[in-house]
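Contents: one structure, followed by commentary.
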Amino acid sequence: MTPLPYSSLLSRVCCFLAHRSWRGRRSKFDVDHSQIGGPGFSRVAYANEPDCFEAGILNYGSNYVSTTKYTLATFFPKSLFEQFRRVANIYFLFTGCLSFTPLAPYSAISAILPLIVVIGATMAKEAIEDWRRYQQDLEVNNRKVKIHRGDGTFEFTEWKNLRVGDIVKVEKDNFFPADLVMLASGYDDGLCYVETMNLDGETNLKLKQALDATSGLQADSGFQNFKAIIKCEDPNASLYTFVGTMEYEEQQYPLSPQQLLLRDSKLRNTDYIYGVVVFTGHDTKMYHEESDKPAHARTSNLNEELGQVDTILSDKTGTLTCNSMEFIKCSIAGTAYGHGFTEVERAMARRKGSPLMENEQSEENYEHPKLAVKGFNFDDERIMNGNWVNEPHSDVVQLFFRLLAVCHTAIPEVDEETGKISYEAESPDEAAFVIAARELGFEFYQRTQTNICIRELDPVSGMHVEKSYKLLSVLEFNSTRKRMSVILQDEEGKLLLLSKGADRLAQDGREFEDKTKEQMHEYADAGLRTLVLAYRQLDEEEYKSFNEKFMAAKNSVSADRDEKIEEAADSIERDLILLGATAVEDKLQNGVPECIDKLAQAGIKIWVLTGDKMETAINIGYACSLLRQGMKQIIITLDRPEIIRLEKGGNKDAFAKVTRLVKAGTGKVTLGIGDGANDVGMLQEADIGVGISGAEGMQFPMLYQEGVQNVLFSWLRILGWMFNGVCNGVMIFFFCTTALQHQAFRKGGEVVDFAVLGATMYTCVVWVVNCQMALSVSYFTLIQHIFIWGGIALWYLFLLAYGAITPTLSTSAFMVFVEGLAPAPSYWITALFVVVATLIPFFTYSVIRMRFFPMYHNMIQWLRFDGHADDPEYCQVVRQRSVRPTTVGVSARIDAKVSQLGRRVHHAVHSP
């Protein structure tokens, strides 16, 4: 171990002694370094003291991040290893080694030089790509951020210089340089908006909020004497979890993901924030340490696998759909409201041949024109424009929309010019609910850390009144409870628990339960996402008991912290009174059904992964053409205890495990596509992970089947080309020897020698190979012309250049072309005859195959030749002439039946 310099050791000891008295006053939080690395937590950050003695002992990593694949020391061995993992390179290396033996009919340099050129070019490409990654790393690591230097002053420094415990100030529209625990912001209540698109692909701004204890630190000078200790979880790749506590001024405060600001997310709509660095460099949550892969793949090697994709796995929300929710229907007190029709309902009507829905929708829109409101596509005069007061259960309707207006974490923003209120919400669903409440007369307009204010219609006076609710507790949504709740105190002092969540939220049931369930099934059949709304009134003793248990669970830093929080929430979310259910629609992206249909025609298998209920998933499958009428449906339900435990545990790796199962089961190339939200694991697990890049269609999807079905590179195809090569070689050899063996080659009557015979054969080989390539090419570009005809010209230039070299090197090839081949007419006549004779069988085979047994690309050529490329019916007729028909839909079922029948016949014949 290298000893510390005396000055450094002295400064750390002095720092330790200077603050010992402050730490000695701590009664609840005694630091014990022996606990570091234990279960529950191990990270300790000394806020504003990154140089103190204890921080030095921990020795956390720097904030420098490298995403390069190689270093100067590892480039050659690692890159060579990558190159010789390819079977083709191993083969050519083996033949190159054989060229050094007496068995080789050619020189070693002719075998080794091409291999060196190919591998060298590939390594150069790898080096250039890695250099670009290095340049990007350099730019990121040298970005500037303000850091507290003491005495309440902040100065700029590079990201790479940050350490755990540093206090930083990040200003509007800048990225966070490390994972930070937020202390304060430019807003009085410690709020800020964060864009996490670089991490999870979500475009919605996330709301973050500092602890109330530190939210008042809104000036640089406030950090002159700031001291705090943060204990939190170990570094991990989970973007949505964070467990920790902060000890500040002898008080202990719980930390949650609400206070965590992740590296590479961006500060939006907020002037500035202050934060403490807790994770640096490769410890941050954007970096996946297990796979040693950065968040972004930046390589050109993907094109080698794109043509071999057999299975596409796609997320639904945000990928096939717009992830832009619209409030379209609801069920309140057992009564269904909303007259709109969804895309799924229209697709179902088209399958049944019923145009009624489209006609009814158009008539309704004509009779009731209304301005479009993003997130709101609801129409029902019974409860719009204040008419809900006349409904039989108007009190339930009032509480239903009041719940939508207050049970959320959205933030209102008021346009200073128009006075119109818009909302920043954590999800499109939540935004749609708040907008729906506003459009139906329950407008949420103000929020602080302790209060929520709305304007609503008073059914007695008929006037809009302002109401303020004291926000006591927020029980955030998680995948285990599948609900979100708030506990409020109204102006009359009543304590209310308001909840929204999965359909089992109000499982105890109330008087509207049966009708509500029936209507929710109808909504699910229509492809809508549903949530149940319920409430109950609390007494003060019950809330006090819950709050003590809840705060103790939030303050816990043990491994079972989440379970304690869930247990506390479950203890209060009981005996709820059902109000009704909401139904929102997530519309399909433009062109999704057509795109899926063309992918299916291309022979690509498609999996859509979603967390929807079975009925919703099936109907959306029909709407996007993933499922078709007549397909056999196999529904598998897993109710085993271990599956239920996985569901309760909120397994976030489900998509990745399905992808791994498909890869292992098929052994084929898989492609994952998503928006990077809950599908990150799927994108990482797939052979190719891609983002969304527009809505381009494929003009000739059947062309892709040649890659998927391995038509061009099957063993039969490879053996066929090998047989063609052997036949060509035999024909060239015998034709050349027969033509030149007994003929006088020069004026003096001399016959040919081996140099002339060999040069003539090689001339024929060069012409035959390049002409066969020309016959195989369907569309010539300048590049094809250069390589094909330029390759032939290069052969003659080589003969001239090699023959001009001194005889000690060129030996028998000295002046072989100038003096031997070029002046002899028999050379040119023989070459012409042999080339034509050799090409005739290949040309005949190609014509017969294209005319009578066309492959997919041949069929496209016929379509273009006949001028029917845009005629769908003619395209279908030509496609049926394929040697290997598309095994999708009806054809797949026919193939399955034929195969099953064949197995039965085989079994009947061979059974005793």
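Backbone N, Cα and C atoms are what each Cβ position is placed from, and that goes for glycine too.
Summarising the annotation, TrEMBL assigns domain 'P-type ATPase N-terminal' to 47-112. The transmembrane segment feature in TrEMBL is assigned to 103-124, 718-740, 752-770, 782-805, 825-848. Among the features that TrEMBL reports, domain 'P-type ATPase C-terminal' is placed at 698-854. As annotated by TrEMBL, ATP binding site applies to Asn858.
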Residue counts in helix (H, G, I), strand (E, B) and coil for the domain 'P-type ATPase N-terminal' (47-112), per DSSP?
32 helix, 1 strand, 33 coil
Highest Cβ pair tally under 8 Å against the transmembrane segment (718-740), stretches 103-124, 752-770, 825-848, lands on 825-848
Any residues 6+ beyond the ends of the transmembrane segment (103-124) with a Cβ under 8 Å from its own?
79-80, 83, 89, 92-93, 95-96
Show which residues of the chain containing the residue listed as 'ATP binding site', separated from it by at least 6 in sequence, have their CB under 8 Å from its CB.
Arg849, Met850
